[in-house]
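Undergrad: The structure that follows is given in the form of structure tokens.
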Amino acid sequence: MVKIRCELSLPDCRRCCRSCKSANENAKETIVPLLEELESNVGDVHKSFEWKLVKHISYLFAGILFMIGSIFFYPSMHKLSKQSMAIGAKLFICGCLLLLLGSLQDAWDTRKLKNKRTNQSAVVSETRVFMSIINVIASIVFLVGAFYFLPKICSKHDHLGGDAFMFGCYFLCFPALYNIFLLREKIIQSICTIIGAVFFIIASATYLEEYIEGKEGNIAHAVHYFLVGSIFFTIAPIIAIIRWMKKLFSSKEEDDSFDLEASTVESNASTRRKTKTSKKNKNTDGNSLSVKPKVFRKSYEKSRPLEKTYPAKSESSEASTTSALFKKSLLDSDDTSSNSFLGLGSITASTEGGSNDTTETFLP
């Protein structure tokens, strides 16, 4: 028996297996083991949904921290507090940590999915694992670049933070492009990720250089790119969360409906089995009423005297029969030399009604 593990089509599998289990009594060797395995994995499927929601929530909070940290990079915030850039860099570090956590979860899910027997080819599974590893590398590079945004480190290493963010954005674009053009899934989410990465590349290329030179107008212009990119990084996980929430609730509703439908099918099958057994019991019972008319009919037929009857015939057939009998009587009379046509006997014919018998005697 071949067992297929497919998380997305699990409700359909459960519906099919439940129906077969209730309708087919000989399904113990094929359907029942698969049904038990699928029902045992229902909780694991819901846990995987929740696990993926946690991953996207970590991406969401990372984007929010990027937005708040970008606000602290504005020169106006630096005038209010000299620690504004340090606060913004620390918020970026926290956002990069959440980004790294989400990418590690994604890599774990992809590796776990590869170990299972799915409908995907080996090349697609290996490529998914490779792209998840690229996501982890991009998150690590982001985290390193965020540390270089701290004022104490930034004064010693001018462009390392911006360069690290640029390379991290380059790495981040590869999995998104793979999802769009090859897998053709998560298209809107991947587009938002690419747009956010492009804005971060532009901001990283101009911000630190302008900050070191002290051009406040250009710094504010660069921070705008950081803010817009952070907004797109926030929109992408929101779309993913909405999609997974719909899948989670729809799967639970389908499970409830399939349980109700399966119980209905099982009850109908049990009712049919009960009616069949009751009919068998009635037929096998010797004192049943269905047997008595047959016995009475047989005894009545034995007690009746045997009568030779003929079926009713049409007028033409009766005429031909009459002429034939008349000719036969003439021949018999010649042989016996008698003047009477007695001995023809009587013919009993039944009418079409079958109830009244008429006897016709043929005389000269």
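Each Cβ is built from the backbone N, Cα and C atoms, and glycine gets one as well.
Pulled these from TrEMBL:
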{"type": "DOMAIN", "residues": "51-104", "note": "domain 'YrhK'"}
{"type": "TRANSMEM", "residues": "57-75", "note": "transmembrane segment"}
{"type": "TRANSMEM", "residues": "87-108", "note": "transmembrane segment"}
{"type": "TRANSMEM", "residues": "129-150", "note": "transmembrane segment"}
{"type": "TRANSMEM", "residues": "162-181", "note": "transmembrane segment"}
{"type": "DOMAIN", "residues": "186-243", "note": "domain 'YrhK'"}
{"type": "TRANSMEM", "residues": "188-207", "note": "transmembrane segment"}
{"type": "TRANSMEM", "residues": "219-242", "note": "transmembrane segment"}
{"type": "REGION", "residues": "269-290", "note": "region 'Disordered'"}
{"type": "COMPBIAS", "residues": "271-281", "note": "compositional bias 'Basic residues'"}
{"type": "REGION", "residues": "332-364", "note": "region 'Disordered'"}
{"type": "COMPBIAS", "residues": "347-364", "note": "compositional bias 'Polar residues'"}
Undergrad: For the transmembrane segment (57-75) and the transmembrane segment (219-242), does the number of C-beta pairs under 8 Å, pairs 6 or more apart in sequence, reach 3 or more?
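TA: With 3 or more qualifying Cβ pairs, these stretches touch.
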Undergrad: What else in the chain is close to the transmembrane segment (87-108), if you only count residues 6 or more beyond its ends and a Cβ gap under 8 Å?
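TA: Those are 51-52, 54-56, 58-59, 61-66, 68-73, 77, 81, 129, 132-133, 135-136, 138-140, 142-143, 145-147, 149-151, in sequence order.
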Undergrad: Let me spell it out: take the transmembrane segment (219-242), skip the flanking residues so only those 6+ beyond its ends count, and list any with a Cβ under 8 Å from a Cβ in it.
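TA: Contacts with the transmembrane segment (219-242): 53, 56-57, 59-60, 62-64, 66-67, 69-71, 73-76, 186, 188-190, 192-193, 195-200, 202-203, 206-207, 210-211.
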Undergrad: Sort the residues of the domain 'YrhK' (51-104) into helix, strand and coil with DSSP and give the three counts.
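TA: Counting residues by DSSP class gives 48 helix, 0 strand, 6 coil.
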Undergrad: Quick one: average pLDDT across the domain 'YrhK' (186-243), no decimals.
TA: 86
Undergrad: In the domain 'YrhK' (186-243), how many residues does DSSP call helix, how many strand, and how many coil?
TA: 55 helix, 0 strand, 3 coil
